[in-house]
Amino acid sequence: MSDARRYHALPSPFPMKRGGQLQGARLAYETWGRLSPGCDNAVLILTGLSPSAHAASHPDGDTSPGWWEGMLGPGKAIDTDRWYVICVNSLGSDKGSTGPASPDPATGAPYRLSFPELALEDVASAAHDLVKALGIARLACLIGCSMGGMSALAYMLQYEGEVEAHISVDTAPQAQPFAIAIRSLQREAIRLDPNWQDGHYTDAAYPETGMAMARKLGVITYRSAMEWNGRFARIRLDGDQRPDEPFAREFQVESYLEHHAQRFVRRFDPACYLYLTRASDWFDVAEYGEGSVMQGLARIHVRRALVIGVSTDILFPLEQQQQIAEGLQAAGAEVDFVALDSPQGHDAFLVDIENYSAAIGGFLRTL
C-alpha cells in the first residue's frame, strides 16, 4: 500500500498570526479527482481536530478507508468524477504537517512548547498557500468540519472573493464557554500527568494517563445523552470483564470510553493536542466585526452556502450553525440551512453518513 500523502513546502519563513515564524514548514495533503483545464472545480476540505488528510481511499494508492470514506469518491456525495478534492492535514497537527511534534530545524529536537502560538488563521493561511501553489485562483467549494469549519471561516475572512461556495458542517463562529471549559480540562489532564514534564516527554515516559483522560472528556462531548442512553442504558459488564480493583469499570459505557481512549493515546501527539485545542478556543469571528459575530460574518462573501448542524450537538450547539447561516445570508449568500436530529451529537457528520450525504450531495449537485 503506497502513501497517498503529498507535501507542500510553505514559504520560509512562514509568519504566524500571534507572533513568531516557522522555518522550513510543510503541509501534508491528499487529492482525488482531476483539476479541470480552467481550474474551476476544486473543493478544499479542512478537517476537525485529529483527522489526517486521508479523507478517503485511493484505488491506485492508499486503499485504506479514510475518515470520510462514505462521503467522498466516484458517484458519492462529494463526487470525485466531477470535483478535484483536496484535503489538508492542519498546520500544527502530527499527521505529516509541521507542528509541535516536528523537529525544530534550529535544534533537531521536537519543537514541543517552543512551537509558536498557533491560530486557526495560520491553519487557513497554510491551506491557502497550497491552493495557490496548485494553480487555483478560486475554490469552487470550501468545506469545513468541526474545527475545520472555523478554519474555513478564517480562510474566507482572510481571502475575500476566493471561494465560490461554502459548506459548513457542525461548527461555530466562536467557541462558547462550555467548549472552552471542556478543552481546558483536557489540557489540564495532560499537563498534570507526571510524564508530561513540561513538554519534555519521551516514548518511554509518555503522558498516557493524561491523554486517555483528555480523550474520554472529548468523546463525552462528541456524542449525546440520547445516544448514551440508547446504546448503553445501565448495562453492566460481565464479571470477567471487570478489573479486580475498587471503583474500577463496572458499566459498559465506562468500558467504551476506555476503549476509545486507548485507541487514541499514541495516535495523537500531546503537544499538538494542546496547541490545536487552544487555537480553537481563540478563534472568534467577532474579532473581524468590531466585537460582533454578525458583523464579522458580513465580511464573508460567497455565492452559495450550505450550513449543517445537529440538534444533539452540545459542543457546537445548533444555534451557532443558525447564526452562521443568518450571517452569510445577510452578507448576500444564497443559504441552505439543514438541521438534523441525528442522535450521535457532534460526531454525527462522521457517523450519520446517509443524512449528511443527502444534504451535501444535494447541494453540490446544484453548483
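Positions of Cβ are set from backbone N, Cα and C atoms, glycine also.
These numbers come from a predicted model, not from an experiment.
Checking Swiss-Prot for region 'Important for substrate specificity' across the ranges 48-51, 72-75, 80-83 points to 48-51. For Asp313 (active site), the same-chain residues lying six or more positions away in sequence with a CB closer than 8 A to its CB are Asp170, Ser224, Gly345, His346, Ala348. DSSP classifies Asp313 (active site) as coil under the three-state reduction. Each residue in the domain 'AB hydrolase-1' (41-351) has a pLDDT score, and their mean in this model is 96.
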